[in-house]
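Participant: First the structure, which I've put down as structure tokens, then a few questions once you've had a look.
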Amino acid sequence: MANQLGVLNALDAAKTQWYHFTAIVIAGMGFFTDAYDLFSISLITKLLGRIYYFDPLSPKPGTLPPRIAAAVNGVAFCGTLAGQLFFGWLGDKLGRKRVYGLTLMLMVICSIASGLSFGKSPEGVMATLCFFRFWLGFGIGGDYPLSATIMSEYANKKTRGAFIAAVFAMQGFGILTGGIVALIVSAAFDHAYKAHSYLRDREHSTVPQADYIWRIILMFGAIPALLTYYWRMKMPETARYTALVARNAKQAAADMSKVLQVDLNAEQETVDKIGTEPSNSFGLFSKEFAKRHGLHLLGTTSTWFLLDIAFYSSNLFQKDIFSAIGWLPKAETMSATHEVYRVAKAQTLIALCGTVPGYWFTVAFIDHIGRFAIQLMGFFFMSVFMFALAIPYQHWKTHNAGFLIMYSLTFFFANFGPNATTFVVPAEIFPARLRSTCHGISAAAGKAGAIVGSFGFLYAAQSTHHDKVDKGYPTGIGVKNALLVLGAVNCLGMLFTLLVPEPKGRSLEEITGENEEEKGQQQASVGNVPV
């Protein structure tokens, strides 16, 4: 290919080696922590309600008031959205590596601090918790664009999709670990401090020591992140950033010679020549960017936004679904610690059966089938299963096993589908100097969808009958109609997928047209039609 740098060629053609796997683990640990932190809050919200909002006159255990529940669950999303935009931009300005340790430290400090949330009143504790969870989310947000960009720039072109997807798949293990940690902690406390069910003894169904449970679960999230900090700091800057953005050919060649264990020449002249090409000078808000990548950015942001509406609202239905099918006994029949155990057990099973396998199916097939086909197929099956759950909704109320299988399949096709591909593609189709920023923008659109999914559907899924609504909520459109809306959202996702190009098997510079001299070639290399 015209003008391609030797150091980038060497990365593209490299056989899968040990450093690829260390990069996956180093980058993936951020995602492991991210999933652990965002997921573990759903395990402890019921416990927080019992501890801080106990009402001795109520026949049911205390629950978080709607506004506080929304804040505790959602404030991390808001932080993540801000972090994705800020660190995405910073990653292109200062370099991937310099910002990378910062996001991790933020995650470690805020994980520990959120477990140390104290206050004189329940509101004080919740406010402190929300404050630290916002900044935890901010750090997590930075991990999205940086991890994806670092992995795509380190990978070879043959298995790049699988490597980026593997980083994302670490989320599955984070979710699983969240469930397992909660199981162990709650079982230990349940064993050590015996408590009666709420029906038998309201006052003592929550032992004072239960306050440690949620703190331990939240603080555990700091450990995996802390373990990878040293390795993150030792990782060299990616050659694509050093050569194409910082324009330091000597440093890029030296770094990659160490990593690949081959001798590489510094091609400063070529780097300078590439840097002066008009194709390497346009900014994010230029007409040239709009012409070349405008539709791509619309494609990556809209599909991620639509996916997360469906994905996160499905997550929220979990506890209602578990209660409906009898997996979770009624709250008043359990003690506080036992309830944490039961919720964790149910969610861990779903993670094992539906969530984790889907991620690894993507890793296995993404470089064979391609991103486009997996995303289209995932959206298609998600809409099919949503409609299949919604239309005969009354039928499923008596056929619990069938409902659970359909529900798990929705998750499976989200992960062997758009949940993984929307993360992979933005790290491949934009030029090096804007790659981290564009990935951050796409991811932030996704988090906006998550906020719509979480809060919108929390209210929308409430029953249409006044007497069946959760305490403190207005009436909604009911679960059946909410599922119909989600099915329609997935159909829209299929439509917007058509804007996203297929980067499979091509080098990053070939996809973005960064190294090409002639205008004609550039236009040919970036098509909207999947190949």
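The chain as shown is numbered from 1 upward.
Using the three backbone atoms N, Cα and C, a Cβ is placed for every residue, glycine included.
Pasting the feature list from TrEMBL:
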- 521-531: compositional bias 'Polar residues' (COMPBIAS)
- 23-505: domain 'Major facilitator superfamily (MFS) profile' (DOMAIN)
- 511-531: region 'Disordered' (REGION)
- 21-48: transmembrane segment (TRANSMEM)
- 68-87: transmembrane segment (TRANSMEM)
- 99-118: transmembrane segment (TRANSMEM)
- 162-189: transmembrane segment (TRANSMEM)
- 212-231: transmembrane segment (TRANSMEM)
- 348-366: transmembrane segment (TRANSMEM)
- 372-391: transmembrane segment (TRANSMEM)
- 403-421: transmembrane segment (TRANSMEM)
- 441-461: transmembrane segment (TRANSMEM)
- 482-500: transmembrane segment (TRANSMEM)
Participant: Answer with yes or no whether the transmembrane segment (212-231) touches the transmembrane segment (372-391) by the criterion of at least three Cβ pairs under 8 A, sequence separation 6 or more.
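Facilitator: Between the transmembrane segment (212-231) and the transmembrane segment (372-391), which are separate recorded stretches, there is no contact, as judged by 3 or more close Cβ pairs.
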Participant: Considering only Cβ pairs under 8 Å, which range in 21-48, 68-87, 441-461, 482-500 makes the most contacts with the transmembrane segment (162-189)?
Facilitator: 21-48
Participant: I'd like to know if the transmembrane segment (99-118) touches the transmembrane segment (21-48) in this structure, counting it as a touch only when three or more C-beta pairs sit under 8 Å and are separated by 6 or more positions.
Facilitator: yes
Participant: Would you mind listing the long-range same-chain contacts of the transmembrane segment (482-500), meaning Cβ under 8 Å and 6+ residues beyond its ends?
Facilitator: 295-296, 298-300, 302-303, 306-307, 309-310, 313-314, 371-372, 375-376, 379-380, 382-383, 386-387, 389-391, 393, 418, 425, 429, 457, 460-461, 476, 528, 530
Participant: Per the 3+ Cβ pairs under 8 Å rule, pairs at least 6 apart in sequence, do the transmembrane segment (441-461) and the transmembrane segment (68-87) touch?
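Facilitator: Output yes: the transmembrane segment (441-461) sits against the transmembrane segment (68-87).
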Participant: Please indicate, using numbers and ranges, the residues of the same chain that are 6 or more beyond the transmembrane segment (99-118) and have a C-beta under 8 Å from a C-beta there.
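Facilitator: Residues 30, 33-34, 37, 83, 87, 90-91, 124-126, 128-129, 132-133, 135-136, 138-140, 142-143, 146, 150, 214-222, 225-226, 228-229, 232-233, 235.
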